[in-house]
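Right, one structure below, let's go through it.
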């Protein structure tokens, strides 16, 4: 290459560089078009599958037994926060759905927007509550919490979620955008080609690693109110805490994912029977691993921890962790280094009037 440069006149060298740059831009544009076409095809296939189910429902008539069996009339919503081991957990649900007889559906929003329009909120609530063919149903997607009660529904879905240490989540997401993961290694990522480390980004004050990027887990739990997405809002954090306690069945943490799965299996065996063994022994137990990820230095972590945004997100994480560990402490016992689910610990007595 060096010899060719010496032999080529300067004008030809310039033309060669320009031609190469144009070719690269053209190639990137074609790749982008292919990815957009693939996404459109996936959406078309999904719509076709939904139409087929609805047509079968129309031909066969509505299910008469939908309200009879309470165990079948269950919907779980996992409004998954990005980069919290959500793919690993979701794949357990997919692996168990045929065996445990329930449906799994991915909520695919345009450009992964976690906030739905008002009209889409109405459609979503109606779909979830009346689509009896998909019950029992496990819905998952990157959407913020939606309060079904304000839409007047009689039976609300069961919300679950998993959160992660805020800085670890941001670091994982930073490298994921650049290098992807081992789940779909060939897929081109939005920031592919950017070799800058997370440490370098923080040192330079880059936008992709700014403290504002930490603000995600709080708004996901806070919901669809505008204040939820106001970065650094104390009201948003208080609302997120309220929802976590009052509206979520169980919220686990990435760092203790196996215990989260164990508790779900004990409490909701209709969906999660066999989940713990599958997580421990299955080939998908740690399905998605971000590639090329480099741990940040202590200096980088210390700099992020000076931010009020980190302090709030970390307070919320610690709040969720404390609640999860409280629930676990009352549900399991440790023996020889292993955890065991407690058997039923209540019974009924002094039942009157006495039967003859």
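Using the three backbone atoms N, Cα and C, a Cβ is placed for every residue, glycine included.
Now, the feature entries from Swiss-Prot:
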| type | residues | note |
| --- | --- | --- |
| TOPO_DOM | 1-11 | topological domain 'Cytoplasmic' |
| TRANSMEM | 12-28 | transmembrane segment |
| COILED | 24-51 | coiled coil |
| ACT_SITE | 140 | active site |
| ACT_SITE | 142 | active site |
| DISULFID | 201-209 | disulfide bond |
| DISULFID | 222-228 | disulfide bond |
Cα separation, residue 228 (disulfide bond) to residue 201 (disulfide bond) (Å, whole number): 27
Residue 140 (active site) versus disulfide-bonded residues 209, 222, 228 - nearest by Cα: 222
Other C-beta atoms that fall within 10 angstroms of the C-beta of residue 142 (active site): 18
Nonlocal residues around residue 209 (disulfide bond), in sequence order (Cβ under 8 Å, 6 or more apart): 170, 174, 198, 201, 202
Residue 140 (active site), number of other Cβ atoms within 10 Å: 21
Residue with minimal Cβ packing [other Cβ atoms within 10 Å] among the disulfide-bonded residues 201, 222, 228: 201
